[in-house]
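Asks: When I checked TrEMBL for this same protein, it listed these features:
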REGION    20-62  region 'Disordered'
TRANSMEM  127-147  transmembrane segment
TRANSMEM  211-229  transmembrane segment
TRANSMEM  241-259  transmembrane segment
TRANSMEM  279-302  transmembrane segment
TRANSMEM  323-343  transmembrane segment
TRANSMEM  384-404  transmembrane segment
TRANSMEM  416-439  transmembrane segment
TRANSMEM  445-465  transmembrane segment
Amino acid sequence: MMGSRVAASLLRRGRDQASALMTIPRLPRSAPAPPPAPSRVGSGSCGGGGRHLPPPPPPQSAGGLFAASRVASYHAFRSFGPKSFMGQCTRKMSTTAATLNSNMANATANSGLKLLVTKGPQAQKAVGIWLFGCAAWVFSMVILGGVTRLTRSGLSMTDWKFAGGLPPMSEEEWLLEFQKYKQSPEYMRVNKGMNLEDFKFIYWMEYAHRMWGRALGFVFAVPFAYFVAKGYVTRQLGVRLSALFALGGAQGLIGWWMVKSGLEEPASEYVEPRVSPYRLAAHLTSAFVIYCGILWTALSVVMPDPPAESMKWVKGAAKFRKLAIPASAVVGITAISGAFVAGNDAGRAYNTFPKMGDSWIPEDVFSMEPFIRNFFENTSTVQLNHRILATSTLLSVSALWLAARKVDMHPAVKSLVGSTLGMAALQVTLGISTLLMYVPTSLGSAHQAGALTLLSLMILLTHTLRRPSPALLKSLASAVKST
């Protein structure tokens, strides 16, 4: 990226030199050429600092000047002027080119722009596509996990192997798996009398969820190893991706830790067997962390610097960032609170809106002891908490949108804020519809997808609002001084 910027700067320099040539008055062919002023070449040119080059031959015509300007633009990346000035330079072309490459490398190293991928734009594109693909895979994993939970399929597999295994292939193997499930509390209290075909459906849902996660590990690890072997990945990017890969491996263990809580006998015979809401929240939160980490890294690979074309826009983005970060935190907390709604099956209680039943606040919101348990285990409190947070999210994003109208920023950032507001409004609408219709699988999974989409937009927004690199800030400041 910085190499291209240096080359662009040199190209502008060559064009300026060509433009200077174009301003020489047109002379008749017979007229003598005026004696040109001695030209000084800076330390970056092959003439050496302070040396005088021989005067150029007189221009023959305007067409000759145009040809000279084209030659100047073509050779600008080597810091050479028009062709007529290259008498002594041709003998030192190889030395100058080597010096220029060294200077460009030093400029990139000292610019303050830390690229996460080496080996040029093609490597950057390849790594970016791979990371965005992994992020999309994690997105689908979260949605598939939500469908698995909504169809009550998560407890159908009563054992777990790290590497996985083949599904039942014969009728005898299916009957054996069904017998294992019949010994679980969920079958005895919820699904007693289920036939083999219905069991196969929930088994396949859970099996697909587990194997989709293991396939993600393969899709992540193999290209990662390839890019490292090719030398595309910097140390900083390698450490970050290694941490995400380790967290992905731990996610499988967290998932089984969660499932085990649902296979244990409930404390009371009147309580339905379900996984621990704390473990479900841990499983979902770690999935969000993995997704946000991969998405942020992918954006950093393909967009090393945020969109900024003036210092005024940079200052506006810095002010707006102070509002966007707290709003992003509210969106994230609201999404995590949804895990406790799912873990307590709170979406199937108080299926009215805006009131909860006949009152705004149920009487039993603080009935548990100790007090803190109400926010994680009390069905009434968990749903009320999620409603308040969802409303706060919509208000926060609305406030961002109003503030963006008054702050001078890049138009792309303002457009992104408008899209985020639209997604927040849609997500609230999905949540209310899911509640009123008693959590159908289609709306429930759409609501979970909406939460992750809104979180993605907030990640993208905060990424585009980050501080530019010192190199970009310096160039913008220089542009301001020149005007």
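Cβ atoms are placed via backbone N, Cα and C, with glycine included.
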Asks: Would you kindly check 127-147, 211-229, 241-259, 279-302, 384-404 and say which stretch has the most C-beta pairs under 8 angstroms to the transmembrane segment (323-343)?
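Replies: Of the candidates 127-147, 211-229, 241-259, 279-302, 384-404, 384-404 scores highest.
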Asks: Which sequence-distant residues neighbour the transmembrane segment (384-404)? Criterion: at least 6 residues beyond either end, Cβ under 8 Å.
Replies: 320, 323-324, 326-327, 330-331, 333-334, 337-338, 340-341, 346, 356, 361-362, 365, 375, 413-414, 417-418, 420-421, 424-425, 427-428, 431, 454
Asks: What else in the chain is close to the transmembrane segment (445-465), if you only count residues 6 or more beyond its ends and a Cβ gap under 8 Å?
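Replies: Residues 139, 142-143, 146-147, 150, 288, 291-292, 295-296, 299-300, 303, 306-307, 317-318, 320-321, 324-325, 327-328, 331-332, 334-335, 338, 393, 410, 412-413, 416-417, 419-420, 423-424, 426-427, 430-431, 434 contact the transmembrane segment (445-465) from elsewhere in the chain.
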Asks: Is the transmembrane segment (241-259) packed against any residues at least 6 beyond its ends, judged by a Cβ distance under 8 Å, and which are they?
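Replies: For the transmembrane segment (241-259), the far contacts come to 154-155, 157, 160, 162, 210, 213-214, 216-217, 220-221, 224, 233, 275-276, 279-280, 282-283, 286-287, 289-290, 293-294, 297.
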